[in-house]
Structures are given as structure tokens and as C-alpha cells.
Amino acid sequence: MEEVPQGCPGADSAQAGRGTSCQGCPNQRLCASGAGAVPDPAVEEIKEKMKTVKHKVLVLSGKGGVGKSTFSAHLAHGLAEDEDTQVALLDIDICGPSIPKIMGLEGEQVHQSGSGWSPVYVEDNLGVMSVGFLLSSPDDAVIWRGPKKNGMIKQFLRDVDWGDVDYLIVDTPPGTSDEHLSVVQYLAAAHIDGAVILTTPQEVSLQDVRKEISFCRKVKLPIIGVVENMSSFVCPKCKKESQIFPPTTGGAEAMCQDLKVPLLGRVPLDPHIGKSCDKGQSFFVEAPDSPATAAYKSIIQRIQEFCNSHQSQNANLISS
């Protein structure tokens, strides 16, 4: 199919090829014939590929710059501290892939093997895949429309040889766009454990998180919970706590109570986090005694508990 117009009802809609937005679209005749509604065979291929992956967690944010990729990276680092736990980190932020920098993997390249693309490994039990590994320079711009982004995500999910994995962490771009729809569609048959949604305390961020929660509910994506990042700053000298982003409407806690969504925890600001990301090192190693490290560890434990209970529920459904 060629590029689709804005307002496209979708190839599987009853209005496919017949809606007003279909007029002038090069795919109009194809959609009207019903041929475009044929299920994508990649969904079954990905389902088969994901049989070796126990848990799948998406990391979302309504707004950019709230620390989503930093959280994804440290969620992966935290889970991988158990040497018996195999962790995979997939970066589907096609236009802004920051995971290679945060994980200390800039300049690495993807290698092809007989079983597919090989991830780039930080540790023996922590593999990473990102479009950043496919660029000739980290300064190269990725100027792609939706269909090409979707094709890249499909290829990542279907062709990367992760092996046996306990946790697949998917770092997504901000918002609710093509990338989010694609990853949910392709992983639906493989059962996603749920989504972790990042926010900062101020209302300008929370209003976009409400949209993200609405998106999850519409596509039937379980919500593991919300993480309030940059919740406060404790001065390392005088120990006084300051609100850098004032929670004028009650912050994430009030929003979570209102929308009946779990608040997984709050991560305070710590300058060491930014420094660790720039150096491509784990913040947990750089600042093990930081209040932010303790907050991260608590949040990671809650995510693990959710995934384990989700796995038990799925097992009960299959056996019943």
C-alpha cells in the first residue's frame, strides 16, 4: 500500500474505501475490494517469535522529556542485576533513539546471523536493539512516514534473535501515534503484560498522561501503573527538599486516584542520573545510596510483582 491520508478509517473498517477521507487516496479501490483487510501474517510470526519471551512491558509517556528512555534503561539495568534474569531492551523511538547513548553503546552495529538480527549486549544477560545502531552517525535524522516506521517495528519484533528472555522492555516515543498502535497490534496475540506510564508532577505533563491512559484503555492494554519522575529535588548540602515542577493540581497521586490507576512511585531529581546517562553507565552503580536509586528499586519490584501475577492469571485462563 502507498501512503494513507489523514482520517483514514483503516483497511478493516466497514467504511474502508468508502469514507469521505478515502476520496483521492491511491489505495481507495484496494480497500473497497476488501483485500486490504487481510490479517498481517507478521502477527502470527511475531507471536511465534515471542514464545521465548516471558514478560513484555511497554514504557509510555504522554509528553517528551519526562525521562521515559532513562527509566526504560534503568528498568532494564535493575532487572538485569539478577544474573539469572535475561533482559531485552527494544528502542522503538524511531526518530529520537537515545537508548544507545544511555546504555553506552554508541557506535555499535547490528550483526546478521542465520536466526536473525543479533542484539547488542551490555552484559551477558542484557541485550539491546535500536534503530540508532543502523545509522551511520548518531547525528543522522530519521525522516520516515508512518508505514516505514511500522515496517521497522515489525522487523525488530519478528527478526531480532533475543533467545530465551525473561523481560522485554519496549521504550516508545512520546504520545499515541503509529509506533504505539503498531507495537500493540503486533504484540497483541503474544500477550503484553502491560504499560508503565511516565510523567512529571506539573499539570502540563499530566494532561497528556490522561490521554495516554485513555489510549491504553481503548486498545485494551493493561496499565501496570504510573511513575512520577523528577518529583522533587533534595539539596545534597542542606538536605532541603524543593519542588522544581510544582504539582499544582495534586501531581500524579491525585490523577491516579481520580482515574483509578496505580501510582508505582516517585523518583526524585538527582544530577547523577543525567551524568550517568551521558556516560552510558548505570546510575545504580554510580549512586547506590541515592534516594532516586531506592525509589527505582521499589518501582522495579512492583513491576516484577505485577508481571508475575499477570503470568499466573494467564496460566489459570489457559488451564480453565
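Each Cβ is built from the backbone N, Cα and C atoms, and glycine gets one as well.
On a predicted model such as this, the values are computed, not experimentally measured, just so you know.
Feature annotations, reproduced from TrEMBL:
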- Cys8, Cys22, Cys25, Cys31: [4Fe-4S] cluster 1 binding site (BINDING)
- Gly62, Lys63, Gly64, Gly65, Val66, Gly67, Lys68, Ser69: ATP binding site (BINDING)
- Cys235, Cys238: [4Fe-4S] cluster 2 binding site (BINDING)
- 54-210: domain 'AAA+ ATPase' (DOMAIN)
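Where TrEMBL records a feature, it is marked here on the structure.
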| residue | record | contacts (Cβ under 8 Å, 6+ apart) |
| --- | --- | --- |
| Cys8 | [4Fe-4S] cluster 1 binding site | Ser21, Cys22, Cys25 |
| Gly62 | ATP binding site | Pro174, Gly175, Thr176, Ile197, Thr199, Ser205, Gln207, Asp208, Val209, Arg210, Lys211, Glu212 |
| Gly64 | ATP binding site | Gly96, Pro173, Pro174, Gly175 |
| Val66 | ATP binding site | Pro174, Leu198, Thr199, Thr200, Ser205, Asn229, Met230 |
| Gly67 | ATP binding site | Leu198, Thr200, Asn229, Met230, Val267 |
| Lys68 | ATP binding site | Val59, Leu60, Ser61, Asp171, Thr172, Pro174, Leu198 |
| Ser69 | ATP binding site | Asp91, Asp93, Ser98, Ile99, Ile102, Asp171 |
| Cys235 | [4Fe-4S] cluster 2 binding site | Glu241, Ser242 |
| Cys238 | [4Fe-4S] cluster 2 binding site | none |
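Within the set of binding-site residues (Cys22, Cys31), the lowest number of other Cβ atoms found within 10 Å of a Cβ is recorded at Cys22.
Rounded to a whole value, the Cα-Cα separation of Lys63 (ATP binding site) and Cys31 ([4Fe-4S] cluster 1 binding site) is 34 Å.
Excluding Gly62, Lys63, Gly64, Gly65, Val66, Gly67, Lys68, Ser69, which define the ATP site, the same chain contributes Ser61, Pro174, Leu198, Thr200, Ser205 within 8 Å (Cβ to the Cβ centroid), listed in sequence order. For the pair formed by Gly65 (ATP binding site) and Cys31 ([4Fe-4S] cluster 1 binding site), distance between Cα atoms is given as 38 Å, rounded to the nearest Å. Ranking the binding-site residues Cys25, Lys63, Gly65 by how many other Cβ atoms lie within 10 angstroms of each Cβ puts Gly65 at the bottom. In the predicted model, the domain 'AAA+ ATPase' (54-210) shows an average pLDDT of 94.
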